[in-house]
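Below is one structure, written out as structure tokens, with a few remarks after it.
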Amino acid sequence: MHSRLPVPASLCLLLLLPSVLPASMPGGLSPRDVTDPEVQEAAVFAVEEYNARSTNSNYFKALRLVQAESQVVSGAKYYLTMELVKTSCRKTNGNPKGYQEIQNCRLPPRNQQEKLTCHFEVWSRPWLNKTLLTKVTCN
């Protein structure tokens, strides 16, 4: 039995097909909900590592997780865009603060706040119990 759709109409249907299929492809970047627990875990790790590596005398805390994407690699790679702000909590040698403690730190007055937009890449391999911060850029 022949289709009653004219050739141009069936061609249009074929062209529309990719728009109804899932947008992500294996190995490609997929948008993630910023409230997803795995994304939140990667964000916590990124902020803790940022503070551990930073030479700033004060801690920075997360203001907002702006955007998150992930990629299936050997594990999962998270691409996070976050807003950070410098707190009034000073770093002390040998006694680093954890994420929750830092989130409770007070902020300087609004006109004295130092804010950063940071892009983090976090590579998680749970079966190895290993997470790495592979890239950080802040401005």
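Heads up, residue numbers simply count up from 1 along the chain you see.
Placed from the backbone N, Cα and C atoms, the Cβ positions cover glycine too.
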Bond partner of Cys118 - disulfide, per Swiss-Prot - picked from Cys89, Cys138: Cys138
Swiss-Prot annotation of motif 'Secondary area of contact' - which of the ranges 6-10, 71-75, 126-130 it falls on: 71-75
Second cysteine of the disulfide that Swiss-Prot assigns to Cys105, among Cys12, Cys89: Cys89
Integer Å distance between the CA atoms belonging to Cys105 (disulfide bond) and Gly27 (site 'Reactive site'): 38
Set of same-chain residues at least 6 away whose C-beta sits under 8 angstroms from Cys89 (disulfide bond): Asn58, Tyr59, Lys97, Ile102, Cys105, Arg106
